[in-house]
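Accompanying notes for the structure given below.
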Amino acid sequence: MTTFVDRVVLHLQAGDGGHGCVSIHREKFKPFGGPDGGNGGHGGSVSLVVDPQVHTLLDFHFRPHVKASNGKGGAGSNRDGANGADLVLRVPNGTVVQTTGGTVLADLVGAGTTFEVARGGRGGRGNAALANARRKAPGFAELGEPGDKLDAVLELKSVADIGLVGYPSAGKSSLISVISAAKPKIADYPFTTLVPNLGVVRVDNHTFTVADVPGLIPGAATGKGLGLEFLRHVERCAVLVHVVDTATLETARDPVADIDAIEAELTAYGGLADRPRLVALNKIDVPDGRDLAEIVRPDLEARGFRVFEVSAATREGLKELMFAMGELVAAARAAAPPVEPTRIVIRPKAVDDAGFTVEAAPDGAWVVRGTRPERWIRQTNFDNEEAVGYLADRLARLGVEEKLGKAGAQAGDLVRIGEREFDWHPTLYAEFVPGVRGGDQRLAEKTQRPSAAERLAARKARRQRPGDEPESDELDGDSGE
């Protein structure tokens, strides 16, 4: 049964926002109680948090579908809907979050680091929140926004100070088992280790972690022998230690050729050229092993490697190797920038939601793209004429109509915003559109507000009784003569 998983694809669905409520307050002796529809609750979000007690992505391998709860709808009497519960997924230290296309969204390193990978939908406003001086009793409310929906790839890259690299059966697992408390599986056949093993080493005043990376073979950088999956775990290592088998029975192999082959794979993988290296010539307790180590040692030292002759079985030479590891780790930590103690919650990149663009589509339609217009479209109930009118007013205030006119759009053209398409008829003609202002076909003559003189004349006509003479605008009185 699989016990270690370092790559999974999660199908994430954040919660949808609850719809706003349309309600009018009803109470005895209050005929005009006003709107009291509450707002919808926000949908739950999906977040990833680093937990030091988690070491594998195994749980997500069996449960890849994740969905947060939706927000509740608003209700009358100004009752807001409850927010959906946020869903927190615990991941190992060193988890990289990517899109299916390979774009890195977050690199989670450090206990408590949190990334909001899918944000819950915003709850719709009720008619009480939409009321203003002009619109005293709205007969509509906003719909809740749908939550984010995406597929995310989680990859685990082990966080260790030192990585042990080498051919299969070079003795890497045996070495980590004697210098730390790690208990990896050890056997006398290749590829016994199929998953990275981590161990903590304490020597002198230094404490560091060591990763036993599964064996590499020529072609690993191109994926041969699961090499890409194994090489991923050495990316974060500050120091690399070549573990070389000096007692191999393969006539075509020798320690120098093994190191050259592994170095070629590390170079092909990329990004590891600046890591300091050590060489551990292992199995010198085996007959002819010590002789071969002494033969190749001068050649390796001439290449700039620090070479140690060791035996994981008898523990010979391990103390010197561990001290050298500690020195290199201390130097790497001193050169690294200081780590902030406060864990910051990483959120998706903010956008300028006030901006929008207008472009002509190949099919002749005009496409409006922008965070606000698209969000307003999602929040509008198109079965409610008043809600559609409110949307038109908001788009006009944002400048969408003006920009469409300047781009060359004509009345009746097809306009596409988000997933909605409609025929465009500007609310009012402006100076950039030829014609009389107010000549919109949707505006009837009866909707024009009468002048003050017309209103005064109409009031006098209503007050005049049949048979009475028309009222004079002049005041009657004595002339004083």
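Glycine is treated like the rest: Cβ placed from N, Cα and C.
Noted in Swiss-Prot for the protein shown:
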type	residues	note
BINDING	166-173, 191-195, 212-215, 282-285, 311-313	GTP binding site
BINDING	Ser173, Thr193	Mg(2+) binding site
DOMAIN	2-159	domain 'Obg'
DOMAIN	160-330	domain 'OBG-type G'
DOMAIN	348-426	domain 'OCT'
REGION	440-481	region 'Disordered'
Summarise the model's confidence over the domain 'OBG-type G' (160-330) as a mean pLDDT value.
79
Please count the residues of the domain 'OCT' (348-426) that DSSP assigns to helix (H, G, I), strand (E, B) and coil.
31 helix, 18 strand, 30 coil
I'm trying to understand the geometry here, so how far is the Cα atom of Pro214 (GTP binding site) from the Cα atom of Ser173 (Mg(2+) binding site), in Å to the nearest whole number?
9
Measure from the CA atom of Gly166 (GTP binding site) to the CA atom of Ser173 (Mg(2+) binding site) and give the result in Å, rounded to a whole number.
11
Need the DSSP three-state call for Ser169 (GTP binding site) to compare against my parser.
coil
Other CB atoms, at most 10 A from the CB of Gly166 (GTP binding site):
25
